[in-house]
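According to Swiss-Prot, the topological domain 'Extracellular' annotation covers 1-26, 80-100, 165-205, 261-271. Positions annotated as N-linked glycosylation site by Swiss-Prot: Asn5. Residues or ranges marked as transmembrane segment in Swiss-Prot: 27-49, 58-79, 101-120, 140-164, 206-226, 240-260, 272-292. Residues annotated as topological domain 'Cytoplasmic' in Swiss-Prot, with sequence analysis given as evidence: 50-57, 121-139, 227-239, 293-318. What Swiss-Prot records for Cys97-Cys179 is disulfide bond, and it gives sequence analysis as the kind of evidence.
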Amino acid sequence: MASGNCTTPTTFILSGLTDNPGLQMPLFMVFLAIYTITLLTNLGLIALISVDLHLQTPMYIFLQNLSFTDAAYSTVITPKMLATFLEERKTISYVGCILQYFSFVLLTVTESLLLAVMAYDRYVAICKPLLYPSIMTKAVCWRLVESLYFLAFLNSLVHTSGLLKLSFCYSNVVNHFFCDISPLFQISSSSIAISELLVIISGSLFVMSSIIIILISYVFIILTVVMIRSKDGKYKAFSTCTSHLMAVSLFHGTVIFMYLRPVKLFSLDTDKIASLFYTVVIPMLNPLIYSWRNKEVKDALRRLTATTFGFIDSKAVQ
């Protein structure tokens, strides 16, 4: 960890979103509200799926884990960002920085793989409906979930090992609101070649694999739906995929913009905005996207309300 007389800094200074004093408190209030909504909606959806027997299906097992990932994702990033709005000296310990980056990569890859598994689930449900109950059993679903968490953990170890090889002799100011790899590469005083290669290979392997699985799944879904003769059948099939497609487009669209655009278009200020979107905003939007026009979730909420407050809702008991 040392290079000559260079020693690892005990703290890093985060530049935050802005250095404008007049914007610190308004931004604090905005992101506190977003974080509160994120936790309430995601934890609420987790609880609803847990208590309602009608939602004990593969699709909702995966959605429950997606909500957990989003709540954890936001918690890894947002509280420290909120603190930087209130602190004059916006510091994070070296260990805290490493742990934040490890958790960030772990949850990013977990979400990416979850979206791929959810696409496969929709493929089996639409293209192989008769075999769906035997293919997507609860045991299979939980094995898939456990496997993707394990793979994401291994990937995060590889990423973090690349970060641990870096030295920071000349600067400890991270031009970001959290410990992401790009601004850390920028201030590294040691060669980043090996670390960068580790990050690119491991990141591309999982994220691109996820995107390929999603694309292949939806090619087969579209081919199957096109062959359905009734308009109602086509609408029902596509409607089960709409929420997932929106979530995939938001998450992977942002990730592709962040990491696959031409080098000449890279800008840390632009990266801050993009990072803000997929670390803070998307975790808030996902439960709303999956619940907004979801009849099963709405019915489950009615049943829970009816049970809790002791009145009968005809729609809830149907």
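All residue numbers here begin at 1 and follow the chain in the order shown.
Note: Cβ is positioned from N, Cα and C throughout, glycine not excepted.
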*asked:* I'd like the number of other C-beta atoms within 10 A of the C-beta of Cys97 (disulfide bond), please.
replied: 22
_Chain residues outside the topological domain 'Cytoplasmic' (50-57) and at least six past its termini with a C-beta under 8 angstroms from it_ = 64, 138, 296-297, 299-300, 303-304
*Do the transmembrane segment (101-120) and the transmembrane segment (240-260) share at least 3 Cβ pairs closer than 8 Å, excluding pairs fewer than 6 residues apart in sequence?*
yes
_Would you say the transmembrane segment (272-292) and the transmembrane segment (58-79) are touching, if the rule is that at least three C-beta pairs must lie under 8 angstroms and be 6 or more residues apart?_
yes
*Give the sequence-ordered list of residues that share a chain with Cys179 (disulfide bond), lie 6 or more positions from it, and have CB atoms under 8 Å from its CB.*
Phe12, Leu14, Ile92, Gly96, Cys97, Ile98, Gln100, Tyr101, Phe104
*DSSP helix, strand and coil counts for the topological domain 'Extracellular' (165-205)?*
20 helix, 2 strand, 19 coil
*Sequence-remote partners of the topological domain 'Cytoplasmic' (121-139) [C-beta within less than 8 Å, at least six residues beyond its ends]*: 56, 58-59, 61-62, 217-218, 220-221, 224-225, 237, 240-241, 244
*asked:* Please report, as numbers and ranges, the same-chain residues at least 6 past the borders of the topological domain 'Extracellular' (1-26) whose CB is under 8 Å from any CB of it.
replied: 80-81, 84-86, 89-94, 97, 164, 167-169, 172-179, 189-190, 272, 276
*Tell me, what is the mean pLDDT of the topological domain 'Extracellular' (261-271)?*
66
*asked:* Let's see if you can do this one: DSSP helix, strand and coil counts over the topological domain 'Cytoplasmic' (50-57), in that order.
replied: 5 helix, 0 strand, 3 coil
*Take the topological domain 'Extracellular' (165-205) and find every residue of the same chain, 6 or more past its ends, with a Cβ under 8 Å from one of its Cβ atoms.*
1-3, 6, 8-9, 11-17, 77, 80-81, 84, 92, 96-98, 100-101, 104-105, 109, 155, 158-159, 259, 266, 268, 271-272, 275-276, 279
*Going by DSSP, how much of the topological domain 'Cytoplasmic' (227-239) is helix, how much is strand and how much is coil, in residues?*
9 helix, 0 strand, 4 coil
*May I have the DSSP-based helix, strand and coil counts for the residues of the topological domain 'Extracellular' (1-26)?*
6 helix, 6 strand, 14 coil
